[in-house]
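Annotated compositional bias 'Basic and acidic residues' per TrEMBL: 36-52, in sequence order. Among the features that TrEMBL reports, domain 'Small ribosomal subunit protein uS10' is placed at 190-287. Annotation source TrEMBL lists region 'Disordered' at 27-52.
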Amino acid sequence: MAAPRCMRSFLGPVKRAKITHAPRPYTQTFSRTKSSRTDEENERELRDDRDGKLMEQLKLDLESGDMPLDQRLQDMGLDPAEYRRLNSSLQAANERMEEWEPKTREEAQERWKELQNSPDHLGLLRIYKRSGVEIIKLAKERGITLPTDKDPLDEKTQAALDALRTPINVRAIHLRPLRRTPEHGVPVCDLQLRTYSIRNLLLFADFAVRAAYYMGLCARGPIPLPRITERWTVPRANFIFKKSQENFERVTMRRLIQIQDGHPDVVKAWLAFLQKHQYHGVGMKANIWEYESLEDAMRTGVEVKEGDYGRRREGAVMQKVEEILQGKGFKEAMKGFKSEVELRP
């Protein structure tokens, strides 16, 4: 039975046919997009290209004999002796590698059998671990030591080292911070620490309490304060896409450290010390109170003469400074200087 006319092309012999189509009009819009490559990668490529060009120029100068090697290395900022040492070590490593590489197929098979029969150190450790053998304990029992192990000390030196005690301030790092008991309990300073990372906050709060103890201040805290939670809702688009919104949240964690019965000057020095060694990501806010005595209240309205520092808090220090400035030895030492030293009121 003859095949239908529509199937004859499929059942017939295979023939190569060249199919050509007329070119169709095609348009494409191009938009400039930001490159996915970062600035660091671009700078790295530029630096590599620059280094490559410098090396090529170095080779050309050395081959032509225009510039000696030492002068060229000094211009590049390299030490000639260090360069020779590294170059010799590199050549020695290449020679050892060439000697180790097998030249024939038989040598390659022998090297492969050696590697199979002698596993590496990591493979041996894994084998011992699976079999339940403790390498370090077994080595100590058999008296096996590594080349990097130091020789043991004599008995007297070891006993003297064991008798030494760690200083108390070093041991206190591993314990809770020490505190001083206030006598009157009058608040002098409230230090509030704020951050978005709880680990940084706890570390700096512990540091502040320890610093207050060593400066002779009575500190309370750190006292946890309520968290500040802020939320924002920002629409991603406008008009009909108003429902497509994005939510943001920021949580601020706080701790309070209160100083009681402290001298104002010591408190200011404590705050300056914390500001100098402030930890990243932790903000500080301090409220300071200073109290005056009743004598200061009774002195209001009294006329103070120029040069009278007795009524001031630092009056004793100012009087001592004035006594030094008016001394005979100081005047003789300052005889050659034109500028006179005056005590400001």
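From the backbone N, Cα and C atoms, a Cβ is placed for every residue, glycine too.
Any TrEMBL annotation is an automated prediction that lacks curation.
A quick note: this is a predicted structure, and the numbers were derived from the prediction, not measured.
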Over the domain 'Small ribosomal subunit protein uS10' (190-287), what is the model's mean pLDDT? 90
The domain 'Small ribosomal subunit protein uS10' (190-287) - residue tally per DSSP class, helix then strand then coil: 33 helix, 46 strand, 19 coil
